[in-house]
């Protein structure tokens, strides 16, 4: 079938001499929200960086529409794939509206810096992320949630079919986390964008993913619909954590509750640490 | 919201440009200030020439003061303006790429490299006078390459880059002294005057190569103005936005080093202009990156005013302009050190 | 946990956490080995002194040198040795001792591996003090202007340290170096401003731009030694304190040292020593940087051994640098400050590349 736009084949990713991902095949389903989960240092962010051509594979390749990503001019890639790193650093003193405008950079020619398409994309990105009120504020002075919204607005203004987000909820409180993830899902539902998100919260992943990829030590342990993937055994295998999976009272999806069945929460914790 | 806040849109047919309003206004004001400073510069000297008379000479009308203004003061002003602008641009490029206001060509050894090469050429008598600017460029590039090579160790750590740069610039300064000792007395005297960063005795033959190189580089400067915006993010974000980081960085650095070296060849190592001008221009314009035009104008303004003071303040004795720029620039550098917030390290 | 256990625990942990200066934190030499090393270094110094007396635009055989020193004699060679080379060598030895010990103390009290009178602008400060004294107050004798050298050095040292300590992260090596660079540039331009405006004395002033051992009379050595001795005694008295400080401020406090007092006295000692060196030989950089590191590499980290070793090595480096400067471009002489910088910079680069902590 392989009608999917973004694929990886035989991917080997290394930092200096340390191999982080070794021989990984992957397909990102079009038009869905894919969430990658896994314990710290399992290679999930590294994988995302490779999918967004920030990291060159040592071997194997990432394919966009069947063409090796490394062979496509980086500006062309930027017109198809938007990516938000985990901790992006803004230019000092930049305002929110200018930051969002920078997202249009891949579409600019030197003599066309502000077209109607630019205006439309920027306006829409700011509307969606509700950053219109912040337009004049410097990004440095925003709160964590506001700042994250501004960055997402920039990625949205890039107007790409594929959007990669590396732990977009880090440093946010629970309300802002939900807000950001709701926004991500809304983007996918309304515009049919393909979104790949790296998350570390299992339950958030279960709730927001259409397609879930569980990684451990540089390889994929399981993937598929969250209801199929998330089981007590998987959590034990991937995170080394005893847990019970129950139906989420809100969505009916899987909900992971840490602790060994039949014991109290307290003893489970002691068991883990002692 | 129809356009980014603070920007105006210029449309010509299908072409469209974004103009930072405040930066444009600041550039206009700086230009006006520079024009005033230039006229003042031409008025003041051993004999005072009225502004009206200066303007007459500038328009090419016959005037009794044509010699003093047109022949004595104009060439020196031209060197000061061009060198100041070049230093301002150079500082802007290097600081942008390093993402660090402390990394300016005169702190990390570029101007010292240009200086050492030029003095070596002078004292060993290998170079004809008009090749000096090119030797200077070679020296500046070599110094930058040296800093790069020594500072590279599994990536380019910003502080290691600055520390090595300081070391290399001290070594090159000493090397310059060494060449001075070696050289013929007269040449050494001449080289010493040049080394203090003085505009005394500079003429059109110094300004000409500087002007021609700036002219040749104009297309590159237009490219750089756009490129500067794209490297002001962290590496990942910039790459995600489709920027070819390696190329853009290299291009900007080479451009910065060449400009600093050429300016050094013309005016000598005028300290701290490349450090000061970009930061002042950025604070005035309140832009997210260093405004190029503003930085060039600020550099020219600093050098012109400093040389005006250097000529007049202790007259009849003339101080080297570098003394004045250092007296202003060094405390500014100290202030920068005190208020640095450590932003993400990133490659320098 | 008892107090003692607590203290031992801190002691064990502290070197890992907060002693960026040393890789081997508590390496020591025994008295016998240390004595032998110092004796060897003293031998090295004697060789350097002989070299400095014998080599120059006029080569003089070592036997003639020794003869001239012990029996006098009126030959030209003997004259040159006694009236030119002996004072020059003497001043070289004194400046070398002063700079090396000052560098050791500065690295100790700032706990910073690149602290050094030249890099931190302290030498340039002393230089400005002297120039001001000569230009504005008409003080021309060393015993007169040495006080201004002290004052200048002290002000520059305090200013640089305060500036570098401001902002986030305290006085890191980069911030110290940058503050020193700024201070050097500022002071150098002050000196050149003063010297340009006071053209008649330009020649006398040129000396204060670039340190040199040439043309200094024996009288200067005679006037300098009491200050040198005072500075050295001050520093030697606090050797144990420096050892404690190397383990971290808190540990030093825990061991019963008065840390602020240590810093003030150390700073005072370093300032006096730098002032002495500058008053005698002008600003000379990098001797104070390289020598302490070499000394520590040889005798370990105990300051009761490091200080004497540095005091013996400093003059060796300075005299060798001076001899090199005399022979590279005869008949002209390269000022010793130029050669020490050229020898010292590769050392700085190696240091910065080797130690991750320097670049932090």
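Even glycines carry a Cβ here, placed using N, Cα and C.
Which of B:58-76, B:134-152 counts as transmembrane segment depends on TrEMBL, and there it is B:134-152. According to TrEMBL, the feature transmembrane segment maps to residues B:161-180, out of the candidate ranges B:161-180, B:181-200. Note on the transmembrane segment (B:23-42): residues 8, 49, 51, 54-55, 57-58, 69, 73-74, 77, 80-81, 281, 284-287, 291, 293-294, 297-298, 300-301, 304-305, 307-308 of its chain, located 6 or more positions outside it, place their CB under 8 angstroms from a CB of the stretch. Within its own chain, the transmembrane segment (B:250-270) is flanked in space by residues 79-80, 82-84, 86-87, 89-94, 96-97, 105-106, 110-115, 118, 132-133, 135-141, 144, 194-199, 202, 206-207, 209-210, 213-214, 217, 220-221, 223-224, 227-228, 231, 303, 306, 320-322, 325, which lie at least six positions past its ends and keep a Cβ under 8 Å from the stretch. Most Cβ pairs within less than 8 Å of the transmembrane segment (B:77-95), among stretches B:107-128, B:161-180, B:207-225, belong to B:207-225. A contact between the transmembrane segment (B:161-180) and the transmembrane segment (B:207-225) is absent, since fewer than 3 of their C-beta pairs, 6 or more residues apart, lie under 8 Å.
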